[in-house]
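*Asks:* Reproduced below are the annotations present in TrEMBL:
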- His47: active site, proton acceptor (ACT_SITE)
- Lys20: substrate binding site (BINDING)
Amino acid sequence: MVEALAKIPDVEIDADGTFKYILVRVKVKDGSLGKDIVRGTKSAQYHNHIFDKISPEMEALGLECECLGGGKIEHNSQDKKMRVFGESTAFGKADHSVSAEKLKPVFSGYEITWADDKK
């Protein structure tokens, strides 16, 4: 199970644009070992669409997941800037500071900011 957890990328988001995202805690079933991951895509009309896609994928690996909240990511790959903000009606607001810290190693060289406002 630990190997399965290690293979899950910390971040999977769209290459550009403004889109919904969720912060998800993935952990070994009936265990305490886990990690937080960020998932976001323009194809999701609602935050729960993202969760509904990854939850069965994690279960197939023998893992369970819990959505910690959501928001939006504004990803400008040309200017190497990213902004994390907003909230999810279904899941509430993610801790954007945690999400931003998850993004930084994956998008080194980017200016990554976050805000607790809704816009």
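Every residue gets a Cβ built from N, Cα and C, even glycine.
No curator has checked TrEMBL annotations; they are predicted automatically.
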*Asks:* Taking the recorded positions one at a time (Lys20, His47), which has its Cβ surrounded by the most other Cβ atoms within 10 Å?
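*Replies:* Top count of Cβ atoms within 10 Å goes to His47.
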*Asks:* For the residue listed as 'active site, proton acceptor' and the residue listed as 'substrate binding site', what Cα-Cα distance in Å is obtained after rounding to a whole number?
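*Replies:* Roughly 6 Å, rounded to the nearest whole number.
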